[in-house]
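What follows is a set of notes on a single structure, which appears directly below.
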């Protein structure tokens with residue numbers, strides 16, 4: 001089943017293929033009278049767009065967004081906002097191999113198994129180009145959240161090489177091509193990724209995204225928990241294979257005494273937590289602490305080394321993916337992570353207001 | 001926002017509190033003419049029910065399920081199936097501390113922050129007793145999937161102690177109180193958990209759940225990916241802090257060559273994969289390989305060591321959770337994991353049939 | 001596809017068959033801290049319950065509701081509210097004919113065509129007993145709406161005999177067995193329905209339901225218009241064949257001058273409308289005027305005259321429905337109409353608050 | 001709450017305002033491998049487009065549709081189909097009055113009451129231009145239904161003047177500017193509407209839409225009944241004030257004997273109904289007979305006679321709607337009716353297949 005909508009109240013529906021004429025999304029449920037311009041959205045698209053460093057694909061896409069509806073005289077009207085990005089660099093290349101063979105690690109075979117047809121050009125719908133729509137929608141979500149909530153993400157691991165959290169500084173994120181909050185590690189990664197890139201290989205990564213300023217009480221107890229919605233959101237991003245909240249998988253190793261975040265009365269009468277293993281969420285509902293999510297991104301499956309595969313005729317073939325690819329797709333997942341966090345929070349802000357506001 | 005329904009076509013809605021008269025669920029969308037009896041469901045509830053070993057809470061609950069609708073002469077009719085479990089052991093105890101104080105690691109504070117009211121008896125709606133409904137619904141989901149799909153789970157880590165996969169044997173799972181596929185590790189865990197239990201502490205765990213027989217093509221490309229639905233499903237289970245598919249977080253450390261599962265033509269003309277880092281899912285759609293999900297469960301927050309907290313009046317207090325608790329809630333998460341896998345797959349089976357069947 | 005949930009934020013899911021052990025519903029999304037007791041609900045169930053006059057079925061059902069979850073110390077907690085009504089009068093009768101033959105005008109054939117199985121006892125899931133759950137849920141919806149909104153319904157036509165609106169008085173509704181606001185017509189109907197009842201026949205009716213106090217601005221422009229949600233809601237009630245808003249079908253006969261309700265500035269600065277052809281809704285959004293809905297109920301299909309039909313073996317048969325039936329099901333549709341109006345409005349109150357509150 | 005999506009499995013989301021750069025829709029859930037071209041869609045848009053006779057608005061809009069995604073080499077791929085229609089004739093006129101005053105019968109006031117802002121140009125989102133998207137989506141729905149299902153609509157009443165059903169002939173529908181199956185009445189309407197048009201007034205209408213070839217068993221018993229989904233669908237169309245199925249409001253006047261459609265065994269073993277008061281639906285599920293829906297359209301609210309109203313400053317004003325308007329919007333509702341029928345049926349075809357296929 002095709003399902004291209006995310007969210008319950010703040011909903012967005014994306015459409016478009018990698019090499020079609022355009023792609024975009026409809027953002028529905030947006031509160032009225034928020035100021036919104038194309039520039040408000042473009043700034044986030046520019047962070048995600050390809051070709052900004054040698055560590056991202058050299059496909060040239062300006063990723064210019066147009067607002068086609070839902071905004072009048074610079075303000076949202078409460079009606080659906082259509083955001084469109086035209087594809088420019090649909091390089092007219094020979095898709096020969098990809099058209100008939102299934103690239104390992106890609107969705108070629110599964111799309112064929114499901115639909116019996118696929119738009120193979122640049123990966124079609126399975127291309128990460130779809131995430132441009134999410135980043136655009138995320139910009140609208142941030143408007144909905146307002147200035148009190150800050151959402152930031154950092155790449156915190158490349159391959160097995162993790163950052164040193166003692167050097168963590170959000171201000172560093174925009175200063176290096178890895179969106180990395182630890183400048184020393186970023187420098188080391190540069191050398192490592194250069195080697196990987198030159199060898200035609202690729203590498204995985206881990207991203208951490210943090211939302212500060214989320215009030216206590218957002219979320220829901222059972223099947224739309226704030227953490228389960230976040231897990232779903234991050235797991236929908238291309239190449240993501242794992243998601244964790246707060247202490248995450250490390251929590252398995254902890255005792256009850258170590259894990260449960262103690263509280264003391266804070267200056268405003270609200271609890272002040274002495275740790276944040278919960279990642280800002282207990283019982284599916286925000287605690288008022290920072291909401292902390294991490295997710296693992298697998299290495300780009302498009303590599304220059306030939307791999308064993310099959311073609312649509314059922315013959316064994318060896319396939320090598322030529323063309324323009326990110327040696328570490330985790331890098332461009334950083335702005336997407338922020339967008340997904342914003343989108344989930346905007347939805348929960350509205351859901352909370354509806355029942356308990 | 002309260003949201004107590006899961007699934008798109010195969011939908012279940014749960015209700016009930018830990019110490020209310022009963023709890024249960026409505027399972028809607030079930031195909032007609034499947035044979036279904038209370039015994040078909042009871043067998044799974046018996047696996048999850050408390051008090052089966054010294055490693056689970058000593059609360060005595062028979063967890064007897066009644067089918068109140070949707071089944072006629074032993075067959076499903078296509079109308080909603082209501083499953084009810086009466087609460088028996090609502091021990092009339094003094095809730096003194098819990099009633100007014102927020103237990104660290106529990107949802108006490110967040111429910112209060114959200115709703116301004118909470119049923120504190122036994123944790124109310126946030127109690128893991130809610131998962132009995134899921135296990136019951138999961139039994140109906142298995143009927144929907146049919147015999148061709150096998151779903152099994154094992155605890156694979158307790159604290160930092162992981163199983164040895166070279167000893168992995170599904171037949172062992174029902175032979176030890178840990179639902180552990182590695183009998184040697186299970187024995188070691190017994191000693192370790194005894195010590196933890198006696199000290200009034202608790203410990204976390206990791207569960208692995210595997211579905212075999214899932215055909216290629218189930219799932220969806222973007223926002224209802226098979227993996228994102230599974231991530232959401234597992235993350236809704238009490239105490240879960242992380243979810244991963246296939247290689248999961250390990251994928252971050254791999255190169256593209258290592259990660260992308262190669263294919264060769266199999267005897268039936270379908271691809272045979274040479275590895276399963278993808279965990280049976282590519283681009284949100286099943287590959288035909290086993291679907292492999294792991295998730296981390298935090299340690300039980302109810303422990304005998306006093307912890308710093310606050311009460312509803314905003315005063316600092318120290319709180320200790322007396323009563324009957326699981327020293328490792330991960331154990332009873334095993335049958336729940338299987339149920340959630342079955343529920344997601346039943347939904348996707350129907351979604352696939354609708355569009356591509 | 002079985003689909004037993006109604007509403008987007010204020011959602012209820014019903015379950016149960018006419019002759020099963022019980023029926024009920026889960027009401028989800030209810031705001032917390034509303035006072036709610038079984039008595040608050042019972043008062044509405046008593047209006048709908050059978051056997052209150054000779055004009056309704058003589059099946060004896062106390063329709064006693066139990067609250068099984070979601071209420072703590074007399075207040076809603078924000079978690080799902082389970083309401084259960086046990087079936088008492090499941091008269092152990094011979095279902096012979098009904099079991100194998102398709103009653104004309106009933107859903108016997110269509111259920112069989114869809115599901116290949118049906119619970120024929122008393123009509124199973126297609127019985128109007130399901131509406132008891134709606135009336136129970138409607139009582140919770142009224143609590144959500146608060147005292148500022150008044151919802152009342154009247155039967156306004158029986159057969160071709162319409163009431164005289166010049167005698168319309170809401171206070172009369174509870175004084176006659178027809179829930180009719182025109183006492184003179186009610187008296188005439190009594191004579192007419194007596195004759196119909198004695199002849200073993202039945203007759204249709206029209207119900208009007210009015211909500212006063214709905215503020216301007218509830219609803220939505222396109223696919224969840226207040227009027228389309230109301231139309232859907234009323235059309236889900238058993239035996240309903242038509243729904244209209246305000247002037248309804250009469251609007252087809254009007255000119256633009258006659259139809260468009262003119263406005264003047266009211267004492268509070270808001271518009272005062274000089275007529276209400278719109279039935280309180282323009283562009284899918286409430287105007288602040290009374291919301292007026294009417295719907296047509298077909299005559300009870302269970303009649304004593306034998307009718308031509310088929311049985312499950314494909315043989316022609318003549319079938320006569322013995323047993324206890326309402327000669328005019330429209331009567332008992334009156335409290336159901338009020339409940340459906342309350343349920344739609346509660347949903348839209350919350351939807352409005354989420355986006356524009 | 002803004003809600004711009006319709007359908008459960010076959011879903012479409014519309015966007016766009018009357019005088020924005022473009023409008024369109026995303027059609028999601030479409031089965032793969034259906035042949036689909038822009039011409040397949042254009043033929044239906046051409047029926048709805050303005051300016052085809054003197055009885056429709058003289059706004060000049062080619063309503064040319066572009067497929068931006070979801071189709072590859074002339075076949076649907078199962079991914080979302082984006083259909084876009086650029087607005088051409090956004091006549092740069094003086095919106096003076098409309099910009100600040102609330103036109104009676106229009107949604108001007110209610111949008112302002114809801115959102116506190118509105119795009120007044122040509123009615124913005126409340127303009128019937130939105131229905132172009134529905135007609136486009138309807139063409140995709142027809143492809144999903146296949147050739148076995150025929151959907152046709154006719155205007156059957158203009159003002160109080162009804163057609164004579166004894167002259168009903170589907171072949172006549174495309175031969176007159178009223179989409180009327182009775183050519184004699186169509187001729188009389190021409191004279192009547194000329195007079196109305198010249199006087200600057202307008203008139204209401206009733207449309208009938210019939211689907212033949214729908215198999216028995218589509219629909220659902222309770223809250224997604226085929227009839228309630230159809231009622232909702234038709235009631236979302238601009239200016240619709242009433243919907244009825246089969247005998248509709250006339251059913252209120254019938255006795256049980258008259259109303260219940262008798263059955264005899266048909267040549268194929270399936271029942272042959274002796275009448276169709278049910279309009280092809282019993283208990284929310286199709287019977288295999290033609291599905292018959294009628295709905296009432298109010299007269300165009302834009303008329304040349306000044307009407308009493310208010311402006312945004314709360315002052316009493318008289319307002320007259322100049323410009324290009326349909327004297328009977330019912331005419332252009334005919335292709336929209338067919339589209340909505342197709343959209344509901346496509347959804348139910350898929351829903352049925354999912355559970356019972």
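Note: Cβ is positioned from N, Cα and C throughout, glycine not excepted.
Whatever TrEMBL says is automated annotation, not expert-curated.
Here TrEMBL flags D:48, D:54 as NADP(+) binding site. For residue D:48 (NADP(+) binding site), applying a Cβ distance below 8 Å and a minimum sequence separation of six or more within one chain yields D:63, D:131, D:132, D:135, D:332, D:335, D:336. Residue D:48 (NADP(+) binding site) falls within a helix when secondary structure is assigned with DSSP.
Every protein chain shown contributes to the tally, and the Cβ of residue D:127 (FMN binding site) ends up with 21 other Cβ atoms within 10 Å. What TrEMBL records for D:125, D:126, D:127, D:238, D:239, D:283, D:298, D:299, D:300, D:301, D:302, D:324 is FMN binding site.
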Residue D:54 (NADP(+) binding site) and residue D:298 (FMN binding site), distance between Cα atoms, whole Å: 19
Protein Cβ atoms within 10 Å of residue D:239 (FMN binding site), excluding its own: 22
C-beta crowding around residue D:302 (FMN binding site), within 10 angstroms: 25
Listed binding-site residues (D:48, D:54, D:125, D:127, D:298, D:300) that sit near chain C [CB under 8 A]: D:125, D:298, D:300
Which of D:54, D:125, D:298, D:300, all binding-site residues, has a Cβ with the fewest other Cβ atoms inside 10 Å: D:54
Between residue D:54 (NADP(+) binding site) and residue D:125 (FMN binding site): CA-CA distance (Å): 25
Cα-Cα distance linking residue D:54 (NADP(+) binding site) and residue D:239 (FMN binding site), given in Å to the nearest integer: 20
Cross-chain proximity of binding-site residues to A (CB under 8 Å), evaluated over D:48, D:54, D:127, D:298, D:302: none
Rounded Cα separation (Å) that holds between residue D:300 (FMN binding site) and residue D:54 (NADP(+) binding site): 15
Per DSSP, three-state class assigned to residue D:239 (FMN binding site): coil
Alpha-carbon distance [residue D:54 (NADP(+) binding site); residue D:302 (FMN binding site)] in Å: 16
